[in-house]
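The structure appears below as structure tokens.
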Amino acid sequence: MRILHFWNLATLAAAATLAAHLPPRNYASHDYYAIHISPSTSPSELAAHLELTYEGPLGALEHHHVFKAPKHENDIVDDAQQELKKLRRKREVAAEHHPLDSIHFAQKQKVKARHWKRSVIPERQERAGPPVTDAIKFQREVASKLDIKDPIFEEQWHLFNVKNPGNDVNVTGVWMQGITGKGVTACVVDDGLDYMSADLMDNFFAEGSHDYNDHEDLPTPKLSDDRHGTRCAGEIAAGRNDACGVGLAYDSRISGVRILSGDITDIDEALAINYEMQQNDIYSCSWGPPDDGKTMQAPGTLIERAMVTAVQQGRGGKGSIYVFAAGNGAASDDNCNFDGYTNSIYSITVGAIDKSNQHPYYSEACSAQLVVTYSSGGGDAIHTTDVGANKCTSQHGGTSAAGPIGVGVFALVLEARPDLTWRDMQWLALLSAVSFDTPSDWTKTASGRMFSHQFGYGKLDAYAMVEMAKSWKNVKPQAWFYSPWMHVRKEIPEGDKGLASVFEVTADMLKKANFERVEHITLTMNVDHQRRGDLSVELRSPSGMVSHLSTARIHDDEPSGYSDWTFMSVAHFGEAGIGNWTVIVKDVKPGNLKTGVFTDWRLRLWGESIDGSKAKLRPIPTNHDDDDHDMIDDHPAHTTSVAIPTGTTPTMTSLPDDHPDRPVNQRPSQTLANGGVQTASAAPSATASAAPAENFLPNPFPTFGVSKHTQIWIYGALALIIVFIAGLGAYLFIARRKRMKDSRDAYEFEVLDGDEDRDDAGLLSGAAGGRKKRAKRGGELYDAFAGESDEDLLSDEDGDEGPYRDQERYNEKFAADEGSDAENSGGSSAGKRQ
Ligand SMILES: *[C@@H]1O[C@H](CO)[C@@H](O)[C@H](O)[C@H]1NC(C)=O
Ligand SMILES: *[C@@H]1O[C@H](CO)[C@@H](O)[C@H](O)[C@H]1NC(C)=O
């Protein structure tokens with residue numbers, strides 16, 4: 001038996017070697033450059049010109065190539081480009097085409113800081129109560145029917161829980177139908193995969209595997225702590241045999257790509273993340289930037305492009321499925337929206353719950369988290385395969401262990417429906433996930449499902465997801481809508497106040513964008529601040545759903561705010577998207593003399609197209625995508641929607657309550673921004689009385705009813721128009737005098753007005769022509785408001801603590817706030833009170 005396996009491995013490994021690979025990189029002796037060039041230029045020509053050695057194409061990235069040169073402190077490509085620029089300026093070189101002109105993007109590679117594995121050492125405690133005898137009996141029947149003889153199957157509570165019946169992924173009913181992952185390949189991108197393990201060797205897929213640390217074909221774990229990838233692989237695809245336990249998809253193929261055990265650059269990670277994307281269907285990634293509560297890090301351009309390439313071309317064009325572990329930094333206030341991998345629209349972010357459906361102290365919350373599943377905490381951990389011929393562990397944990405369970409579930413779903421796209425998979429996950437009665441900020445969303453920042457749309461249920469997949473109608477291709485850059489440029493008030501800015505999406509805008517309904521939203525923003533950890537950001541959708549895009553972080557002392565950072569939310573799936581989207585930035589730490597300015601933001605709606613035949617693929621992202629801050633966007637905008645100097649209208653006087661807790665099982669009802677009331681349905685387990693209706697404008701008019709809201713809106717609009725007209729008049733008067741004065745010095749005029757708002761004020765004009773001019777007026781007007789208005793100060797009743805905490809230390813503080821509703825209650829804080 002064993003000999004046969006070895007023979008198999010040898011042939012597969014040989015096949016893998018045949019596949020085109022770049023020569024191994026040696027970062028000790030050489031520098032490497034990733035260069036994106038026009039197809040008309042040959043990489044060897046460019047190499048000759050730059051005196052670089054051409055290594056080969058950069059994996060699946062079109063027109064991207066890898067070059068090397070002996071180690072040198074300079075950036076050879078950048079130096080050459082600067083030199084050419086200089087010569088051109090001096091006109092010493094003809095302006096005609098030069099080989100360097102064909103470079104779209106070039107990046108000298110830097111050895112990356114190591115990613116963190118997302119396992120945590122589980123605490124050992126009392127195990128849960130005695131097993132339920134009936135459950136054990138049933139478990140044994142199931143095992144016998146499925147011919148499962150794996151020695152630790154009965155310990156694998158995440159598959160079948162006999163101590164807390166129901167607290168598992170509900171998979172046996174799927175296996176009973178013969179759905180076990182056949183024909184599906186998952187790839188564990190990690191620290192290696194022990195393909196010699198008796199539990200993994202049958203399912204190991206060498207062709208989909210590679211080692212980018214040691215530049216070998218097989219992902220052999222070599223370091224003493226290279227156990228993580230093997231443990232994750234066991235959760236997904238450990239075979240049904242006499243070794244250890246079984247994986248969720250025990251007949252699926254499993255491959256491993258090793259990147260976490262040595263120096264890599266963006267080139268390696270870009271190659272790894274879509275390695276063999278026609279063979280590997282799902283990429284399991286239980287790692288990411290440090291979960292230290294102070295890191296804010298996104299994948300580099302090459303990696304982002306590699307992911308987009310896989311999502312567009314992988315799996316025969318259906319799109320590779322990316323699964324990322326949410327992160328283990330919750331105890332230090334970390335939030336998965338500060339991690340550009342977990343908050344990518346292309347990844348499914350999976351967080352953890354423990355065997356009692358409680359929030360384990362480590363699992364990060366964020367608006368980008370789609371689902372949760374079981375992992376360590378509450379005295380137990382995940383039991384799975386370990387490195388060694390027949391070795392098991394009972395100590396796999398953290399969100400690292402949750403992600404691969406998700407991968408296993410998705411592998412089963414893909415066996416049932418191989419034609420699902422990457423977006424179908426996300427829809428199915430969120431629509432079939434099961435919410436549970438652990439208190440959190442559960443809120444009913446437009447999709448009809450409950451969402452909590454702590455638990456996403458709830459826990460994965462393999463049976464429910466596979467059943468739903470069987471009759472699922474594929475979603476139409478993706479569409480998107482980008483708002484213009486919204487310029488705010490205003491001081492963020494400290495403490496219990498906030499600064500809001502609104503963009504109104506009209507039906508017409510979405511129709512023009514061929515956009516039917518929202519899936520993901522992303523919000524890119526710039527905030528200058530002396531202490532990043534003081535900031536929180538929330539986004540209110542037209543239907544009243546609130547995404548907590550960013551939460552304050554106690555350890556994040558970074559003195560720079562957010563720089564073109566993109567937050568993501570999955571809480572708006574299914575919304576129409578039409579109406580006002582309000583972003584509210586707060587500085588939740590008063591009195592520390594650390595202040596800042598909310599500069600600008602841009603909203604992007606990603607969703608389903610109206611007419612799939614007109615949809616196109618998203619262009620490959622460039623690092624210039626957001627360089628157009630000062631350009632006027634082409635999207636026509638509603639004439640009165642934006643450009644309103646942020647926070648100066650009555651609509652801005654309101655901020656939601658931010659009570660970080662909410663009575664157990666209560667669902668906040670939602671009031672639509674336009675005054676319509678959307679009633680929330682009671683949770684299945686709800687016992688408490690209905691929460692008081694949550695008003696969109698609770699402060700300082702906490703008891704206002706809907707009709708009064710409407711009055712406020714009308715009043716606000718009127719006031720705004722009057723002030724606007726007055727302001728415009730004043731401005732025109734002043735501007736004319738000024739222009740007369742400065743007419744001979746246009747430059748100075750530019751300086752005075754140059755950095756005022758353009759595009760948002762341009763929206764005010766409503767006309768394409770002359771937008772820039774009017775925009776400046778709008779900018780002036782905006783400033784005219786600035787000195788007088790206090791109404792941007794959006795109060796919130798929490799006093800001095802930041803909203804939406806998930807930390808235990810806040811429990812007591814807010815325990816007294818029972819009875820208040822809050823869409824943004826911290827899940828775990830409430831959870832602990834149960
Ligand atoms: C769990 O699976 C069983 C079948 O094994 C099914 O009857 C039950 O409805 C599933 N649970 C959910 C929440 O779908
Ligand atoms: C959006 O807000 C503006 C004021 O900022 C208001 O005039 C407009 O009516 C609102 N639109 C909707 C659909 O509520």
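Just so you know, glycine gets a Cβ as well, placed from its N, Cα and C.
As recorded in TrEMBL, the features of this protein are as follows:
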{"type": "ACT_SITE", "residues": "Asp190", "note": "active site, charge relay system"}
{"type": "ACT_SITE", "residues": "His228", "note": "active site, charge relay system"}
{"type": "ACT_SITE", "residues": "Ser400", "note": "active site, charge relay system"}
{"type": "DOMAIN", "residues": "475-611", "note": "domain 'P/Homo B'"}
{"type": "REGION", "residues": "639-686", "note": "region 'Disordered'"}
{"type": "COMPBIAS", "residues": "639-654", "note": "compositional bias 'Polar residues'"}
{"type": "COMPBIAS", "residues": "666-678", "note": "compositional bias 'Polar residues'"}
{"type": "TRANSMEM", "residues": "712-734", "note": "transmembrane segment"}
{"type": "REGION", "residues": "787-834", "note": "region 'Disordered'"}
{"type": "COMPBIAS", "residues": "788-801", "note": "compositional bias 'Acidic residues'"}
Report summary line: Quick note, Ser400 (active site, charge relay system) and Asp190 (active site, charge relay system): C-alpha atoms separated, nearest Å, by 10
Requested in this report: On the DSSP side of things, how many residues of the domain 'P/Homo B' (475-611) fall into helix, strand and coil, could you say?
Outcome: 9 helix, 77 strand, 51 coil
**Report entry** Listed active-site residues with Cβ under 6 Å from ligand 1, out of Asp190, His228, Ser400
**Finding:** none
Report summary line: Excluding its own, the Cβ atoms lying within 10 Å of the Cβ of Asp190 (active site, charge relay system) add up to 31
Query raised in the report: If you count other Cβ atoms within 10 Å of each one's Cβ, which of the active-site residues His228, Ser400 has the most?
Result: Ser400
**Report entry** Rounded to the nearest Å - Cα separation of His228 (active site, charge relay system) and Asp190 (active site, charge relay system)
**Finding:** 7
Report summary line: Taken over the domain 'P/Homo B' (475-611), the predicted model's pLDDT averages 96
